[in-house]
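If you check Swiss-Prot, you get these features:
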- 50-70: transmembrane segment (TRANSMEM)
- 97-117: transmembrane segment (TRANSMEM)
- 127-147: transmembrane segment (TRANSMEM)
- 165-185: transmembrane segment (TRANSMEM)
- 200-220: transmembrane segment (TRANSMEM)
- 230-250: transmembrane segment (TRANSMEM)
- 262-282: transmembrane segment (TRANSMEM)
Amino acid sequence: MESAVSEPGLLEAIWRDFVLGVVQGLTEFLPISSTAHLKIVPVLAGWGDPGVSVTAVIQLGSIVAVIAYFRADLAAVLRGISGAVRRGQWREPEARLGIAMTIGTLPILFAGLAIKLYWPGYETSPLRSVPAIAGVSILMALLLALAERFGPRSKQLDQVQGRDGLLVGLAQVLALIPGVSRSGSTLTASLFDSWKRPDAARFSFLLGIPAITIAGLVELKDAFTEPSAGGVLPLMVGIVSAAVVSWLAIDWLLKFLQRHSTWVFVIYRLLFGILLLAWWAGSGSN
């Protein structure tokens with residue numbers, strides 16, 4: 001059973017939100033699940049559930065970072081779509097990327113809306129329990145291992161088609177299950193879909209921008225109904241730390257995958273899931 005946690009003071013709230021911002025920034029874009037880590041880290045630190053008001057607002061940092069990092073790509077996509085509308089040049093790489101991003105965003109939008117409308121108990125469902133998150137982490141590690149082992153890795157971003165957006169977009173829906181990882185599911189699907197590792201990661205990030213932004217804004221409205229300890233200052237610290245670390249994580253992963261495989265993430269997710277199960281079994285927590 002979880003014990004009651006007292007409301008933190010200002011300095012503790014600043015430290016908590018700073019750490020949560022770092023965790024958010026690291027885990028949002030690395031294929032290791034931000035939801036899992038944002039659930040587990042506060043429990044291990046003895047902070048309890050930080051609440052929607054904290055996690056939703058801090059996520060703004062990651063949204064700002066990913067849009068800023070890929071601003072040139074997004075501008076090129078907008079120019080490509082605009083040119084295609086005016087001149088019918090839908091076969092240009094930028095236009096095809098825009099189409100793929102649009103198609104790939106629709107499945108998670110519909111699935112997320114369906115959950116909001118028809119599954120009121122989602123936030124407290126067994127899917128969000130520690131053993132479920134641990135099991136999902138292990139399963140996703142195995143799927144990523146298979147994709148790494150058997151994916152042909154020949155496709156580049158300028159070859160993207162609408163079907164790629166649909167395939168990876170359907171995989172993105174799995175991110176609604178805590179512990180899956182949005183970037184993990186889309187990266188895994190892209191590797192199965194024959195993408196080269198750096199292009200798979202880049203497409204995963206670009207495809208995720210609409211979903212991350214919309215989800216963040218939807219959750220943000222709940223922040224105004226939940227007062228946060230310490231007021232605005234801790235949240236601002238969390239936003240800034242999330243933005244900085246998100247930028248660094250995106251940049252690092254794109255460079256890392258130029259020369260390395262995803263096996264390090266497979267191993268991490270396996271260990272994370274196993275250790276999480278061991279901790280849960282030993283503590284008797286839910």
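Any Cβ shown, glycine's included, is placed from N, Cα and C.
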Beyond the flanks of the transmembrane segment (97-117) by 6 or more, those residues with Cβ under 8 Å of it: 77-78, 80-81, 84, 90, 157, 160-162, 164-166, 168-170, 172-173, 175-176, 203, 206-207, 209-211, 214-215, 218
Segment proximity, the transmembrane segment (165-185) to the transmembrane segment (50-70), 3 or more C-beta pairs under 8 Å: no
Stretch among 127-147, 165-185, 200-220, 230-250 sharing the most Cβ pairs under 8 Å with the transmembrane segment (262-282): 127-147
Chain residues outside the transmembrane segment (230-250) and at least six past its termini with a C-beta under 8 angstroms from it: 8-10, 13-14, 16-18, 20-22, 24-26, 28-30, 53-54, 57-62, 64-66, 68-69, 205
Distant-in-sequence neighbours of the transmembrane segment (200-220), which means Cβ under 8 A and at least six residues beyond its ends: 28-29, 52, 55-57, 59-60, 62-63, 66-67, 69-70, 73-74, 77, 97, 100-101, 104-105, 108-109, 112, 116, 157, 160, 164-165, 168-169, 172, 175, 182-183, 186-187, 190-191, 193, 250, 253-254, 257
